[in-house]
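Features as listed in TrEMBL:
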- A:Arg50, A:Thr51, A:Arg100, A:His128, A:Gln131, A:Ala254, A:Pro255: carbamoyl phosphate binding site (BINDING)
- A:Lys78, A:Arg161, A:Arg213: L-aspartate binding site (BINDING)
- A:3-141: domain 'Aspartate/ornithine carbamoyltransferase carbamoyl-P binding' (DOMAIN)
- A:147-290: domain 'Aspartate/ornithine carbamoyltransferase Asp/Orn-binding' (DOMAIN)
Amino acid sequence: MEKHLLTTNELKVEDIHQILSDAQKFADGMVWKPERQMFAANLFFEASTRTKSSFEVAERRLGLEVIPFEVSTSSVQKGETLYDTVRTLESIGVNLIVIRHQQDRYFDELIGSVNTPIINGGDGCGHHPTQSLLDLMTIYQEFGRFQGLKIAIIGDICHSRVARSNADALTRLGAEVIFSGPEEWFESNSLDASKFMPVDYAIQQADVVMLLRVQHERHEQKGSFTANEYHSQFGLTVEREKMMKAGSIIMHPAPVNRDVEIADSLVECNRSRIFKQMENGVFVRMAVLKRSIEILQGGNRNENTYTERKLLNV
Amino acid sequence: MEKHLLTTNELKVEDIHQILSDAQKFADGMVWKPERQMFAANLFFEASTRTKSSFEVAERRLGLEVIPFEVSTSSVQKGETLYDTVRTLESIGVNLIVIRHQQDRYFDELIGSVNTPIINGGDGCGHHPTQSLLDLMTIYQEFGRFQGLKIAIIGDICHSRVARSNADALTRLGAEVIFSGPEEWFESNSLDASKFMPVDYAIQQADVVMLLRVQHERHEQKGSFTANEYHSQFGLTVEREKMMKAGSIIMHPAPVNRDVEIADSLVECNRSRIFKQMENGVFVRMAVLKRSIEILQGGNRNENTYTERKLLNV
Amino acid sequence: MEKHLLTTNELKVEDIHQILSDAQKFADGMVWKPERQMFAANLFFEASTRTKSSFEVAERRLGLEVIPFEVSTSSVQKGETLYDTVRTLESIGVNLIVIRHQQDRYFDELIGSVNTPIINGGDGCGHHPTQSLLDLMTIYQEFGRFQGLKIAIIGDICHSRVARSNADALTRLGAEVIFSGPEEWFESNSLDASKFMPVDYAIQQADVVMLLRVQHERHEQKGSFTANEYHSQFGLTVEREKMMKAGSIIMHPAPVNRDVEIADSLVECNRSRIFKQMENGVFVRMAVLKRSIEILQGGNRNENTYTERKLLNV
């Protein structure tokens, strides 16, 4: 058992199932708290409403104290390294640190040198394990299985943390992953080209249509599209949604560019699980934090060792 | 009963009295908490020490968990709409949202589409209902009535949220409102010109002299004054204060421009209720939050249904 | 007894011992909480991870509610004075205010006018009493006394809050303080020139080598060095560390410029107490906050009057 959570790839299939199981228990009302007062800090070196707030809610629901950390007013401005910032927080008594950072694998300089569990809230274009886990939870909630599902991931696979982590995990869990989107965006990519399919075909085949955000900020150099062009060529238009299989669902990591990746009117349609994904994000993060805290507390994860207090009278 | 609080105008006279009554109970030490853990978020798209901190203290006194939300580091920077931001917070489990936004009636795009109660912390130059309510509370504390009082509102009525909301509510509550200030600032205004009076006359007549902040940032185009000019022509100078009626009081929404709207030496004089207004702001906001929470909890506001725990042993 | 903590100089020797004694009790697990819900605000007008987070953790461990205050989004942006900001926080119910401000003796305009205890988190190049106290605590932990110790403070004494406060307090406590660093940085300085010594000599003599941060931002005009030059001439190099006395220790207020004031490999060496200082910072701040709260609560500091609850079962 690893106290850190850095990448989805490092999680074994049984780890994933354990986390999803705990997350579902939290969704169903389980209350679980650390045995003593604990402090968490969320170090976000990139903007994010969703992930940061979601971790914050998860931490508070677990009864953690959350220490505010604003990059813009921290000693990072005086050139302090990430390592020294983390060691500082560790020294003042922070027990868990969530980090989002623009540098790929920023955590390589930390692991082995710091004691505090590091939860990766996203690194560069690399990994975003809690986003992957919330996607997996949403799919499992819907279908009760991964085996035999066909998942179409559509968009900027090359630059997407989500796509990389998800494709790997879903494949290991027994699902089939196919890709679509602008072919230009795939060229210098290591992904199996045989999985690439035209967008209309992908949408017709899929049990889950997983749309990726167009990251305008990353496409200054390479082939780019107007919003309208992208929407008509690769977006989930009102017409394409009608081609989807019965029972299939729509996912998107958000924030959504309305009428680009997906038609405005579909964002909250019956097939959409976009806001459900956000809900599940809190439960997944509670499960991930619990996993690290249990190791800090020295217990093992045996079902009998943790307290499942009575459901709150909500 | 409405779960949102958007404008003072929407509040009936009995709603106002109910809120003021609860606020006074909080001022007197009443302790009231939600039945379960609840999360609030304060979305401030404009700078404000006073209003944001006041809501924060009110929320903490009610035992709410407050999720930090910094506009500058949120996905609003990636172009996310207000609606999507609110729906996101709703999805991750935020129960109450306070919003200050520079756009007039920003809430029109939210109401009917979101479930979470929205408390308006100020919109554009339009509404600022909790500021109005704290003004009303301060007046009622002083005089025990509104009927028959004469309130002089002096300054930039045209651009003031406070003036508009207050004038309406005070009139409905039975007070007489008169206006004064630079005549140039009134020209394109819909307010009843018959209520305009010269500043010396207004100050002599009033039970309450309610000064408005000169909002330098909004007067680039139209007629402007130096600080000295404004003070001598329209400000509450040391000389004008001597002309005030016995028992009359001075109010200002703050932050004060000292020696502009009011002489520096008068800011904390015996007549001044400026810091009292800030104190009352917390109690009014507790009452407003309680009102929304009671609806969330499905109870009605009958005096017997809510818990009035024993006063804290302070 | 003074409810504020503004400078180290104002603290009598017995005050210092009392604070260090309480701090050590907190380090040993003492739990102490205010008698009622209390609110703290941390007003940081300058960037700081360490001090702000350390106060935040200290406040939370004491069970205080901490009101977020971000200078960049506050009415300070509208030109509000520090006095009005503090009076505002006081009015909305904040009980304790920690301030870091770039202006020397910013607190002179507050003391006598505000009721709320002010804890100085650093002013200009002047004072930083909790940093001094954590340094003192770290030394006392190590040696169990101050009498007879020789402390070498090395670096930019002229611009250092830490150096000024520490030199004064250490001398009063019975230690001998010597200074070293670039002679150019000492010229316009009032410190006793007789205490200046060459760096190699200082390092050989000292029980405590207290390095100061090179504050690049303050040295644009005056004599400056490259990082390499500074390190070889005045830094604690690997070679110089070997010249240190047996049992002597290394301190630095952090953030460290690695390979400037101190060789990268020495930052966490056996002699280094750099991260221990940070740990102690939390305990010292808890003790300082407790001291102010006890005065707010009207009790005296007699050992019998405060509650020492049972140690948490950690």
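Note: Cβ is positioned from N, Cα and C throughout, glycine not excepted.
Quick caveat, the model's predicted, so the values are computed rather than measured.
All features noted in TrEMBL, drawn onto the structure.
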residue  : record                           : contacts (Cβ under 8 Å, 6+ apart)
A:Arg50  : carbamoyl phosphate binding site : A:Ala254, A:Pro255, A:Met278, A:Gly281
A:Thr51  : carbamoyl phosphate binding site : A:Phe44, A:Arg100, A:Gly121, A:Gly122, A:Thr130, A:Gln131, A:Gly281
A:Arg213 : L-aspartate binding site         : A:Gly155, A:Asp156, A:Ser160, A:His252, A:Pro253, A:Ala254, A:Pro255, A:Val256, A:Asn257, A:Glu261
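The Cβ of A:Pro255 (carbamoyl phosphate binding site) has 20 neighbouring Cβ atoms from other residues within 10 Å, across all protein chains displayed. When the C-beta distance to chain B is held to under 8 angstroms, the binding-site residues A:Arg50, A:Thr51, A:Arg100, A:Pro255 reduce to A:Arg50, A:Pro255, listed in sequence order. Each residue in A:Ser48, A:Ser54, A:Gly122, A:Pro253, A:Gly281 lies on the same chain as A:Arg50, A:Thr51, A:Arg100, A:His128, A:Gln131, A:Ala254, A:Pro255 and has a C-beta within 8 Å of the C-beta centroid of that carbamoyl phosphate site, without being one of the site residues. By neighbour count, meaning other C-beta atoms within 10 Å, the densest spot among the binding-site residues A:Arg100, A:His128 is A:His128. Secondary structure at A:Arg100 (carbamoyl phosphate binding site), taken from DSSP and collapsed to helix, strand or coil, is strand. Here the domain 'Aspartate/ornithine carbamoyltransferase carbamoyl-P binding' (A:3-141) has a mean pLDDT of 92 out of 100. Counted with DSSP, the domain 'Aspartate/ornithine carbamoyltransferase carbamoyl-P binding' (A:3-141) comes out as 61 helix, 26 strand, 52 coil. Cβ neighbour count for A:Gln131 (carbamoyl phosphate binding site) (all protein chains, 10 Å cutoff from its Cβ): 25. Break the domain 'Aspartate/ornithine carbamoyltransferase Asp/Orn-binding' (A:147-290) down by DSSP state and the numbers are 65 helix, 22 strand, 57 coil.
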